[in-house]
């Protein structure tokens, strides 16, 4: 039996795509292996969002190509990098045997068969509208047994001036609510306790097919499914977080009190240049509304430094805003010039300035994170055990930590704990990103 190995790079949305391709391959009779050295075929699902991600994708392709000197017969590249640079990959990377676009993932088993039949240098792309998966498609979940992602929409209509995702993924296309509910029910029946909703923009869910935002309705329906303990949604846009959504999050116990809101910047001129649909005043007002609506809530954000023409004063405005907002979690990016985007044609900020601003923001956030975490000492939280770390301590998350992107809670326990088990811990100590607690 042909063994197929997968490497999934980038975001959780890409991971869902990898899970669908793994499911399609398994259904077609291939064996899925987690070990590249055992694979007859290696599939790399690439990321192409920013320059660092592109470089990681290229480095991974070259690393996996080394296995062609051993057991691996074919190397296949798919994902955002292949969609964006389909004319360059086969030419510049002769080790690659086939490339697929982001809309052709279900064709992967057929591509593998064609390679075994003697075809080579295959390019499989389609100009059809955005691909959206359904609950009836095969999917092999790669996350631990206690949480799973559900991609509720594909593509993006926001057209931020720095972002190439709409060029790669197409227009915003929602899945139907009934189909999402069907998938969530199946996950619940299979034992998954946490559902994480993801999309390029979860807060615009439903606008294209229902002519109104339907995330609040979706959360309500998901909360009615038995055995699901936590429901989380990521990638919220500030202009779409309204009172209806806040009230739903507040009123539904299963919906975690956690908001992931990438704001990118706070200066109004920069926001306008970014083609963001919000304002400094709107962002500040939203943060105050969220914090006043909940007894305890976590806000995560992402900011970008070094955007074209960003002045020192405009960066200082962002810096002072971060100091004021005291985000629980903050990710920072240095602006990446993406060809084909409006921002790429603006006067660019030099790399040295970008690095300095990036480091200043991260140093500030480390202090804020420690301050926020220390406020959690002596509090009690229900957590899910994820496993053990290299020191054999248990690691866990509460509702206030999203999987993969946030810190962890190191847990001491006198009894044996199992991955996926929910226990209550008391927080004993705090660090910049992690907490320490004991089972009570």
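The count begins at 1 with the first shown residue.
Every residue gets a Cβ built from N, Cα and C, even glycine.
The following features are taken from Swiss-Prot:
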BINDING   11, 47, 80  [4Fe-4S] cluster 1 binding site
BINDING   156, 160, 163  [4Fe-4S] cluster 2 binding site
DOMAIN    2-117  domain 'MTTase N-terminal'
DOMAIN    142-371  domain 'Radical SAM core'
DOMAIN    374-440  domain 'TRAM'
Using DSSP, how many residues in the domain 'TRAM' (374-440) fall into helix, strand and coil?
1 helix, 31 strand, 35 coil
Got a sec? Which of these binding-site residues, 11, 80, 156, 160, has the most Cβ atoms within 10 Å?
80
C-alpha spacing of residue 156 ([4Fe-4S] cluster 2 binding site) relative to residue 47 ([4Fe-4S] cluster 1 binding site), in angstrom:
16
I'd like the per-state residue tally for the domain 'MTTase N-terminal' (2-117) from DSSP, helix first, then strand, then coil.
62 helix, 24 strand, 30 coil
At the Cα level, what's the spacing in Å between residue 163 ([4Fe-4S] cluster 2 binding site) and residue 11 ([4Fe-4S] cluster 1 binding site), rounded?
15
To the nearest whole angstrom, what is the C-alpha distance linking residue 160 ([4Fe-4S] cluster 2 binding site) and residue 11 ([4Fe-4S] cluster 1 binding site)?
18
Around the [4Fe-4S] cluster 2 site recorded as 156, 160, 163, what other same-chain residues have a C-beta within 8 angstroms of the site's C-beta center?
158, 159, 162, 164, 165, 166, 200
What does the structure give for the C-alpha distance between residue 11 ([4Fe-4S] cluster 1 binding site) and residue 156 ([4Fe-4S] cluster 2 binding site)? Integer Å is fine.
15
How would DSSP class residue 156 ([4Fe-4S] cluster 2 binding site) in three states?
coil
Can you list, in sequence order, the residues of the same chain other than 11, 47, 80 whose CB lies within 8 Å of the CB centroid of the [4Fe-4S] cluster 1 site?
9, 10, 13, 14, 46, 48, 49, 53, 79, 81
Test of understanding: give the count of other CB atoms lying within 10 angstroms of the CB of residue 163 ([4Fe-4S] cluster 2 binding site).
22
Find the average pLDDT over the domain 'MTTase N-terminal' (2-117) in the predicted model and report it.
89
Euclidean distance between Cα atoms of residue 80 ([4Fe-4S] cluster 1 binding site) and residue 156 ([4Fe-4S] cluster 2 binding site), Å:
14
